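Undergrad: Okay, these came from TrEMBL:
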{"type": "DOMAIN", "residues": "1-90", "note": "domain 'Cytochrome oxidase subunit II transmembrane region profile'"}
{"type": "DOMAIN", "residues": "91-224", "note": "domain 'Cytochrome oxidase subunit II copper A binding'"}
{"type": "TRANSMEM", "residues": "27-47", "note": "transmembrane segment"}
{"type": "TRANSMEM", "residues": "62-84", "note": "transmembrane segment"}
Amino acid sequence: MANHSQLGFQDASSPIMEELVEFHDHALIVALAICSLVLYLLAHMLMEKLSSNAVDAQEVELIWTILPAIVLVLLALPSLQILYMMDEIDEPDLTLKAIGHQWYWSYEYTDFKDLSFDSYMISTTKLPNGYFQLLEVDHRVVVPMESPIRVIITAGDVLHSWAVPTLGVKTDAIPGQLNQTSFITTRPGIFYGQCSEICTANHSYMPIVVESTPLPHFEAWSSLLASS
C-alpha cells in the first residue's frame, strides 16, 4: 500500500496495473521530450533573431504539423491496447459479485459454493494492533492467486465505485445496472482500496480489502466459511 514518502504508484500486483504503470512512464517520457524541445526553441528565439525565411518556411510548417500527429500515435496505440485488455474477460476461473451499500460492501461467490457475506470497516476503537486505520474490514475478499477473476459490480442504493489501485481496478457501482471488470493477482498479499465515488460524505469509510492466496488456502477458507 502507499506510504507518506511515496512519489510513484503502488507496486503492481496484476498484469493490467503493470501495463498502466509502463504507459504512465511512456507518457511522461513523451511529455519530457516535448517540454525540452519547446524550451530549447524558446531559448533559441530569445538569444538569436530568426530571419523571415526561417519563420515562413514551408518545411517548418510541415514539421510542426507532422510531429504532433506522430506524438498522438505514440500515445494512442498503447492506450488503446491497454483499454482492450481491461475490457477483455475470457473464461474466468471465479466470478465475484460486489454490491455497494451505505456504508459497506456485500460479496457473493455464486458460481463457486454459493458463499455470501457483508464486509464492514472495523472501527478505530475495535481495531487490533498492527492493522491499518480506516482500511481494515471484518471480512476480506479472498481470491486464488494467478487465476482470472471476474467481478460483477452493482449498488443497492446510490452510486459507489469498487477500486483497488494496486490491481488496476476501478469500476462504478450503479443501482439497477451490472458493470464488470477482471483482474489476475500475480503474487500473494493483501491489497487495499476504497469507494472512490463521492456517494456522500462517508464514501471513504467503505474500504475494500482483497487477499490473494494460493489455491489450497483459498479452498480451505471457502470450506471454513461455508460450514460456519
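From the backbone N, Cα and C atoms, a Cβ is placed for every residue, glycine too.
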Undergrad: Below 8 angstroms Cβ to Cβ, which residues of this chain, lying six or more residues outside the transmembrane segment (62-84), approach it?
TA: 16, 19-20, 22-23, 26-27, 30, 34
Undergrad: Per DSSP, what is the residue tally for the domain 'Cytochrome oxidase subunit II transmembrane region profile' (1-90) in helix, strand and coil?
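TA: Taking the domain 'Cytochrome oxidase subunit II transmembrane region profile' (1-90) as a whole: 67 helix, 0 strand, 23 coil.
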